[in-house]
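A.B. asks: According to Swiss-Prot, the protein carries these features:
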| type | residues | note |
| --- | --- | --- |
| MOD_RES | Ala2 | N-acetylalanine |
| CROSSLNK | Lys20 | SUMO2 cross-link |
| MOD_RES | Ser26 | phosphoserine |
| BINDING | Gly53, Gly105, Thr106, Thr107, Ser175, Gly422, Asp492, Glu508, Lys513 | ADP binding site |
| BINDING | Gly53, Thr106, Thr107, Gly422 | ATP binding site |
| BINDING | Asp104 | Mg(2+) binding site |
| CROSSLNK | Lys210 | SUMO2 cross-link |
| CROSSLNK | Lys214 | SUMO2 cross-link |
| CROSSLNK | Lys265 | SUMO2 cross-link |
| CROSSLNK | Lys275 | SUMO2 cross-link |
| CROSSLNK | Lys279 | SUMO2 cross-link |
| MOD_RES | Ser346 | phosphoserine |
| CROSSLNK | Lys392 | SUMO2 cross-link |
| MOD_RES | Ser539 | phosphoserine |
Amino acid sequence: MASMGTLAFDEYGRPFLIIKDQDRKSRLMGLEALKSHIMAAKAVANTMRTSLGPNGLDKMMVDKDGDVTVTNDGATILSMMDVDHQIAKLMVELSKSQDDEIGDGTTGVVVLAGALLEEAEQLLDRGIHPIRIADGYEQAARVAIEHLDKISDSVLVDIKDTEPLIQTAKTTLGSKVVNSCHRQMAEIAVNAVLTVADMERRDVDFELIKVEGKVGGRLEDTKLIKGVIVDKDFSHPQMPKKVEDAKIAILTCPFEPPKPKTKHKLDVTSVEDYKALQKYEKEKFEEMIQQIKETGANLAICQWGFDDEANHLLLQNNLPAVRWVGGPEIELIAIATGGRIVPRFSELTAEKLGFAGLVQEISFGTTKDKMLVIEQCKNSRAVTIFIRGGNKMIIEEAKRSLHDALCVIRNLIRDNRVVYGGGAAEISCALAVSQEADKCPTLEQYAMRAFADALEVIPMALSENSGMNPIQTMTEVRARQVKEMNPALGIDCLHKGTNDMKQQHVIETLIGKKQQISLATQMVRMILKIDDIRKPGESEE
C-alpha cells in the first residue's frame, strides 16, 4: 500500500514531508501487516507440508542455470526456493538454523511455525491482542518442552550394541530417496560416527567423516571405508596400481627445482646454455627423488603438480606419486596415516612419513574414472562413506540423507534421550498443553489451546501424506492415547497394523524435538510483534 504518511504543518499552516521520498515508499500497518506476514508463512509451510514423513513427496527444484535438484530435505528445498517476501526469507533461516544445530526435522519446524501462525490469525480475527497470543504461545511451549522430558526414554549408546542407534537412523532415512536400503545406510552411518566419536567428551568431529560419491552401480553398493578415498590416480599410467605397507611423504611444497623468491629472468643464448639448464633441472629432480627415497618413503602425495620429465624420473626410480591433491584431502590423509604435512623439501624426515597398509587405484566400469583408496591406516579415526548411484541427483540426495542420519546419531551420543515419532510426541504434548490451558485463568488460555491445535497439524499431515483420512485417524489416535495413557501411540504411516511407535521402532531424538518446538515458537513470537512495514518504493530512473 503506497502511503503519503502523516503530514506535519509549520506555524503558517503549510504542510511539509518529514521522511525523504515518503510519497514513493510503501507501508503496511497493524493487522494488515500481520495478515500479510501470516499469508507468506502459510504459503511456505503448505509447500513443505506434503514432504513430511515416510510417505512425503519430493520436490524438483530448478535453479537459474537450469540445474535440476530432486530432494525431500526441508533445508535444501527452502534454500533453493527463490522467495521474495521478507517473512518467507525468515522461514528459510528458521529451517537453516534447525539444520545447522540438529541436522534433522527441518521440514517439521517450518510446518509447525506455519500452523502456529494460522491459528494466531483466527485469534487475531476474534480481537485478541498479538502480544497476548505471543505470551500464550511462550507458556504453551514451556509446558510442551517439560512434557517431552517426562515422556522421553533413554537408549543405551554402546559400541557393542548399536541396534537402538540404527533404529533411530532408520527413522530419519525413512522419508528419503534411500529408503529402499535404509537399513544398510543406517548401519553405515552408525559405524562411521562410532569410529570417529570421542566417547569421553561425548562429541563427534564431522571433519573426520568424508562423504564421496561416484555415478554408476546401485545405492546398495555404497560402503564405508576405514580410510580415505581421493578422486585422483597415480601420476603415470605405468606406475603400480597397488602399494602395500605404504610409507607416505605428504608434500605441500612444489616438486620442482628451487627458484629465487625475487623477480628474475634467465638469459639462454646458446644450445649449450639450454642443455646446461636441462641437465641442472634433471640433476635437481633426481636429487629430490633420492631425498624422498632416503627417508624410506615409497609413495609421494603432492598438493602441487610436477612436469612430465619429473613424472618420468619418478617412474624410473620406482617411486609412485599422486599430484594435484586438494588441501582438505591432504589434511585428511595426514590425520588418517599419522603423517606430518611437509611444507619445505629440506624438512622431510622419516618421522614425518604417514603409514597405510594398502594404497590402491580402483577403476569404475568401462569409463576411465579412477580413484585412490588409502586403507588400513595408522589412525583408524578417519573414515569415508563411498556412495554409488544411478545418476548425480540420487548421489547428491543420498549425501544429504546421510548428513541427516549422521547428525541424529551425533545428537544421541550427546544426549541419549529419545521420544517416539509418527506424531506420537506432538499428540501427547498437545494433550498436555490443552490440560494446562484449562487451568490458565487469563486470556492466554486461548493461545495455549491454539498452540495445542497447531501441534496436531504434524500428525494430520503425516496421515494425509499416507493416504488416510487425517481428521478421523487423528481423533482415533488421540482418544487411544488418553484411554491407554500411552504417549508412544502415533500415526501408522507404513500400514504395519499397530499405532505403537515403540513396537515399530520409530524413534526421534529428544533434543531435536525440543529444538523444533522452541525455534518455531521464537520465530512466531517475533512475527506477531511486527506491526509496521516500510519498504522503499520503486526507484525512479
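Each residue, glycine too, has its Cβ placed from N, Cα and C.
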A.B. asks: Pick out which of the recorded positions Lys275, Lys513 has the most other Cβ atoms within 10 Å of its own Cβ.
C.D. replies: Lys513
A.B. asks: Could you check what DSSP calls Lys392 (SUMO2 cross-link) once collapsed to helix, strand or coil?
C.D. replies: helix
A.B. asks: Can you tell me how far the Cα of Ser346 (phosphoserine) sits from the Cα of Asp104 (Mg(2+) binding site), in Å?
C.D. replies: 48
A.B. asks: For Lys279 (SUMO2 cross-link), which DSSP three-state class applies?
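C.D. replies: Assignment for Lys279 (SUMO2 cross-link) reads helix.
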A.B. asks: With ADP as the bound species and Gly53, Gly105, Thr106, Thr107, Ser175, Gly422, Asp492, Glu508, Lys513 as its recorded binding residues, calculate the greatest Cα-Cα distance and give it in Å as a whole number.
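C.D. replies: Max Cα-Cα spread across the ADP binders: 21 Å.
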A.B. asks: Ranked by the number of other Cβ atoms within 10 Å of their own Cβ, which of the binding-site residues Asp104, Asp492 ranks first?
C.D. replies: Asp104
A.B. asks: Return the member of Thr106, Thr107, Ser175, Lys392, Gly422 nearest to Lys210 (SUMO2 cross-link) in space, with distance defined Cα to Cα and candidates limited to these recorded positions.
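C.D. replies: Of the recorded positions Thr106, Thr107, Ser175, Lys392, Gly422, Lys392 has its Cα closest to that of Lys210 (SUMO2 cross-link).
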A.B. asks: Of the recorded positions Lys214, Lys265, Lys392, Lys513, which sits closest to Thr107 (ATP binding site) by Cα distance?
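C.D. replies: When the Cα distances are compared, Lys513 comes out closest.
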A.B. asks: Which residue, of the recorded sites Lys214, Lys265, Lys392, has its CB surrounded by the fewest other CB atoms within 10 A?
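C.D. replies: Sparsest of the recorded sites Lys214, Lys265, Lys392 by Cβ contacts within 10 Å: Lys265.
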A.B. asks: Suppose we draw a 10 Å sphere around the Cβ of Thr106 (ADP binding site). How many other Cβ atoms does it contain, all chains included?
C.D. replies: 26
A.B. asks: Do any residues at least six apart in sequence from Ser175 (ADP binding site), in the same chain, have a Cβ closer than 8 Å to its Cβ, and if so which, in order?
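C.D. replies: Non-local contacts for Ser175 (ADP binding site): Ser51, Leu52, Gly53, Pro54, Asn55, Gly56, Asn72.
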A.B. asks: Counting every protein chain present, what is the number of Cβ atoms, excluding its own, within 10 Å of the Cβ of Thr107 (ATP binding site)?
C.D. replies: 27
A.B. asks: In whole Å, note down how far the CA of Lys265 (SUMO2 cross-link) lies from the CA of Gly422 (ATP binding site).
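C.D. replies: Here the two Cα atoms lie 72 Å apart.
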